[in-house]
Amino acid sequence: MAAEMDWDKTVGAAEDVRRIFEHIPAILVGLEGPDHRFVAVNAAYRGFSPLLDTVGQPAREVYPELEGQQIYEMLDRVYQTGEPQSGSEWRLQTDYDGSGVEERYFDFVVTPRRRADGSIEGVQLIVDDVTSRVRARQAAEARVEELSERYRNVRDSATVMQQALLAASVPVVPGADIAAEYLVAAEDTAAGGDWFDALALGDRLVLVVGDVVGHGVEAAAVMSQLRTALRMQISAGYTVVEALEAVDRFHKQVPGSKSATMCVGSLDFTSGEFQYCTAGHPPPLLVTADASARYVEPTGAGPLGSGTGFPVRSEVLNIGDAILFYTDGLIERPGRPLEASTAEFADLAASIASGSGGFVLDAPARPIDRLCSDTLELLLRSTGYNDDVTLLAMQRRAPTPPLHITLDATINAARTVRAQLREWLAEIGADHSDIADIVHAISEFVENAVEHGYATDVSKGIVVEAALAGDGNVRASVIDRGQWKDHRDGARGRGRGLAMAEALVSEARIMHGAGGTTATLTHRLSRPARFVTDTMVRRAAFQQTIDSEFVSLVESGRIVVRGDVDSTTAATLDRQIAVESRSGIAPVTIDLSAVTHLGSAGVGALAAACDRARKQGTECVLVAPPGSPAHHVLSLVQLPVVGADTEDIFAQE
């Protein structure tokens, strides 16, 4: 019988141990039992969560928001298996101190705590809050992104080539929401053979995920040829079976393409029928509107060159149903048997779809974006990954009705149209950059129509219409009943607005007639696919709350502008710049970070200010972060613009 340990002699006196535990600067937590009740916390933990009475409470009751973020699943695994686990820069969202839910990042180690007989009584954690480190890196990455051309030149050429060969975006269509993520393997950042595609064809949407055997530049070259061949067949109107048969014949001319796998699916927008073929590829995961998840039946088709043919199966997708295509890197993860890994993928996707899992602060995002990004992040961060991972997700939705606005040709018409158009474009799922471009073009059209209306009769009004077609194009028009108004040659800003509108959208036309003027635009909508090298940490995109009311704050040598700068507010800004700069004699900085719309009249005022400063030998510095409406427009008209730190843009608000 083993002698009982002399704790005081072996470990130290209880009071000394407690005092040392208390003063260790790292967060230390002891949990007990299968419900992970808090039994010990040190001063560092209490300083981290000062208002929470945790000792004696189950962890899930103290931090309920963490349910579904995979931290409790990790604690369960350590308690059940006795195997230590760790996490690096895990993003966790919960109420840490009673002040509301917030997002922080952590490094941690979880280890089992055993009784004298070897059985596990609980787990303990060593935790380091690394939020400051992560956010500093995010800020640095944002600055690198601002210098994107220089950054691209120093990146690995194979990675650059692969991203150039992959689909950079997914379409926006009336009957479905789509999202895509591509994760580059941490230990092999060279190009690989994974790819995805989404093609909007009017009456149907075709989704593709494929995987070529091998890695590196050779695999990427094979992938690009197969992707192009399949796109050509699908775009030409061939069925899933016909397209795959053609690619199977073509692959014989492409060394290294044998045994490539593909999953191709076609959604009929009207009926919801989803026809698919799993050509040697893992079957898609179907997540229904009521948040149940199951894998669809494989079709029995083999990879390219297998000679099995390409039989198809069909599912009917209801409104709210989602389908997830993926490559094997998602389910073949280190330390997980394939059966357990596939079940974990389905369970996690179902919990995120139901709202019980995932990140609570991500809720404002589109459901399909949360399903795609949260699933990828939460699934992989506890195991890591050895291969590139592609995840392409689509959720069927009811189409948004077309937009129709009729209003009088008054000075506030453009502002009214911008507000309604922004809301409609956001509802159909347009990306913020497309929203800015279309809103800008239509606003210029409306302002021209107002001038026509003032020349005749305001009550004749303006009609604005917009609709999203099944091919992913928005078609919009502005119709007025006024007469075209000529402008004096050389008048500042005249003619610039229509030229800018034509440059911002895919196609624009203006037709004049005796009964008025019709301005139309066509613009293909897309949302960027997300390419990442680290699933733990996502880079924050530029975001701004839409407050279109024009406000300008004048400080010493600095003007901060917010809201819409259009034909009704540009004159105010012009006067403020002239006064603050003393007509160009004094240097001035104009912060346009919070500008929601920069029309041609505003561009004219800024161009004039820069011209005055240049003539006087001083500076007029325009500030706007990359991705903002002002930065986009100023880059288009080639006015020099300086980026800003997006974390500080709204600090004073």
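Using the three backbone atoms N, Cα and C, a Cβ is placed for every residue, glycine included.
Noted in Swiss-Prot for the protein shown:
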BINDING   Asp211, Val212  Mn(2+) 2 binding site
BINDING   Asp211, Asp328, Asp387  Mn(2+) 1 binding site
DOMAIN    86-142  domain 'PAC'
DOMAIN    177-396  domain 'PPM-type phosphatase'
DOMAIN    546-653  domain 'STAS'
MOD_RES   Ser600  phosphoserine
REGION    397-544  region 'Anti-sigma factor kinase region'
Alpha-carbon spacing, Ser600 (phosphoserine) to Asp387 (Mn(2+) 1 binding site), which is rounded to whole Å: 49
Cβ-Cβ neighbours of Ser600 (phosphoserine) (radius 10 Å): 27
Cβ-based isolation winner (fewest other Cβ atoms within 10 Å) among the binding-site residues Asp328, Asp387: Asp328
Additional residues surrounding Mn(2+) 1, by Cβ distance to the Asp211, Asp328, Asp387 centre under 8 Å: Asp194, Thr327, Gly329, Leu330, Glu332, Asp388, Val389
Collapsed DSSP category at Asp211 (Mn(2+) 2 binding site): strand
Helix, strand and coil totals (DSSP H, G, I; E, B; other) for the domain 'PAC' (86-142): 12 helix, 34 strand, 11 coil
